[in-house]
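Engineer: Structure below; questions to follow.
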Amino acid sequence: MLTSHFPLPFAGHRLHIVDFDASSFREHDLLWLPHHDRLRSAGRKRKAEHLAGRIAAVHALREVGVRTVPGMGDKRQPLWPDGLFGSISHCATTALAVISRQRIGIDIEKIMSQHTATELAPSIIDSDERQILQASLLPFPLALTLAFSAKESVYKAFSDRVTLPGFNSAKVTSLTATHISLHLLPAFAATMAERTVRTEWFQRDNSVITLVSAITRVPHDRSAPASILSAIPR
């Protein structure tokens with residue numbers, strides 16, 4: 001499969017972005033994956049996306065001297081080497097991965113159309129969150145896509161500790177040109193309730209990328225700093 005890779009520094013980490021041509025995918029491209037047999041029943045598009053994600057992950061792992069391919073767990077989650085955390089995401093013809101020594105979550109989403117945003121908004125945000133998104137002055141489809149993506153990133157960062165929390169288990173508390181903050185509710189995980197997560201974001205073409213790598217250890221307070229992460233100039 002034809003791919004191109006480039007690293008991108010962001011929020012104190014290095015993202016590994018792989019653009020790929022799914023039409024060039026061939027079945028034998030999967031053979032270098034240790035778990036290729038488990039992908040046998042997947043569709044062609046899914047196979048291409050999975051392959052691109054693992055290619056990005058291999059580039060990320062090489063940064064820390066690891067030369068293995070992340071396996072696939074019982075829930076189809078990536079299996080990272082001991083002592084490391086990682087995250088993979090893909091959308092359309094782009095996959096990306098990041099590696100860290102602390103919990104991390106990353107997500108990429110195509111910016112919703114106005115019609116899609118109007119249709120999906122009630123399942124992603126509540127009325128309070130809608131007001132925050134509208135107050136950001138970002139176009140609503142972009143703001144809603146960011147809310148969706150940020151919640152996905154937070155789930156990925158803690159996927160081994162939570163079981164498919166709904167979108168109403170984390171609430172948007174602020175949205176700026178560089179970050180979106182979320183307040184975790186008991187429905188997310190009782191042990192993390194009333195904590196705040198700040199997710200960094202940027203736009204790449206018609207997609208957004210969100211990344212979370214820290215959670216505050218203090219109760220939610222809108223007047224207090226939301227994260228130990230620094231904002232990234234854009």
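In case you wondered, yes, glycine gets a Cβ from its N, Cα and C as well.
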Engineer: Which of these, GLU49, GLU63, GLU152, does Swiss-Prot list as part of the Mg(2+) site with ASP107, GLU109?
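Structural biologist: The one candidate that Swiss-Prot places in that Mg(2+) site: GLU152.
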Engineer: For each of ASP107, GLU109, GLU152, count the other CB atoms within 10 A of its CB; which of these binding-site residues has the top count?
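Structural biologist: The residue with the most neighbouring Cβ atoms within 10 Å is ASP107.
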Engineer: On the three-state reduction of DSSP, what should I expect for GLU152 (Mg(2+) binding site)?
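Structural biologist: Looking at the DSSP assignment, GLU152 (Mg(2+) binding site) belongs to a helix.
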Engineer: Given the Mg(2+) site residues ASP107, GLU109, GLU152, which other residues of that chain have a Cβ within 8 Å of the mean position of their Cβ atoms, reported in sequence order?
Structural biologist: SER89, CYS91, ILE108, PHE148, SER149, ALA150, LYS151, SER153, VAL208, THR210
